[in-house]
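Here is the structure we will look at, set down as structure tokens.
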Amino acid sequence: MWQAISNLLSEQHTDGAEIELRNELPGGEIHAAWHLRFGGKDYFVKCDERELLPIFTAEADQLELLSRCKTVSVPQVFAVGSDRDYSFLVMEYLPPRPLDAHNAFLLGQQIAHLHQWSDQPQFGLDFDNDLSTTPQPNAWQRRWSTFFAEQRIGWQLELAAEKGLHFGDIDNIVESVQQRLSSHQPQPSLLHGDLWSGNCALGPNGPYIFDPACYWGDRECDLAMLPLHPEQPPQIYDGYQSVSPLPAGFLERQPIYQLYTLLNRAILFGGQHLVTAQKALDEALQ
């Protein structure tokens, strides 16, 4: 793998560049993570089994999409590829620090500008991706209520059922979610898709976001994540509101949007997350 990475990075360096440092980083819960120094420049490397190359390719595509918006900072992508055994993603190395109040407010403003970027008539994305390690379908759909009910809540419930986890009648739940959102047809916004404190940090040049699960959806979905994480700086919400105030009805829709993340946690981690997801589902749709 390291030879394949060296070959790709050599194309971006002067002759004679080579690996000078290679340290595995702690906290790689999903993929192995490394700090690599090559040709005097630092890189962040994610790697995993070769079969997971599509996940890294999708992540690179999402980071490049967010970068094109010129509204939020994301790590620059330098290479994505594989050898016979491993796949990898090579990005800019940005040692993360927690957001302070000022930079949290600034990030909130940047997220608001991201949500205002470009005009897209439909909900979805040109390709499927992943929420954490869970596959996320993104087939284009014109009705927001249909998209969210079927491709977010219905999808999670089907995945749960495949693992023997049942939260109620899937068809009835999907219909109930769709009915509650039927009168809400927002302008599609490009979302980060997994906006929590673990995917936001302070870098050398200000706040940045990473590990996206992008799609075009209701901007309220990104903001609905914030109350689920008490450690998330509240200034993110304040900064967002200063640029693009949320519409009436946001607080009523918020519990419905939170179901997507709560169901995903229940599938991934089980235990108390199953109880939390069931309680949230019952309360949101009562």
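Just so it is clear, glycine is given a Cβ too, placed from its N, Cα and C backbone atoms.
For GLU92, TYR93, LEU94, the entry in Swiss-Prot reads ATP binding site, with the evidence type similarity to another entry. The Cβ of LEU94 (ATP binding site) lies under 8 Å from the Cβ of PHE44, PRO75, ALA201, GLY203, PRO204, TYR208, each of which sits 6+ residues away along the same chain. Under DSSP, LEU94 (ATP binding site) is assigned to coil, being neither helix nor strand in the three-state scheme.
The active site, proton acceptor annotation in Swiss-Prot covers ASP194 and is backed by similarity to another entry. DSSP classifies ASP194 (active site, proton acceptor) as coil under the three-state reduction.
The distance from the Cα of ASP194 (active site, proton acceptor) to the Cα of GLU92 (ATP binding site) comes to 20 Å.
Residues near TYR93 (ATP binding site) in space but far in sequence (CB under 8 A, at least 6 apart, same chain), listed by position: HIS35, LEU36, ASP42, TYR43, PHE44. Neighbour counts of Cβ atoms within 10 Å were taken for the recorded positions GLU92, ASP194; the minimum is at GLU92.
The ATP site is defined by GLU92, TYR93, LEU94, and by the 8 Å test on Cβ atoms against their centroid, the other residues of the chain that qualify are ASP42, TYR43, PHE44, PRO75, GLN76, MET91, PRO95, GLY203.
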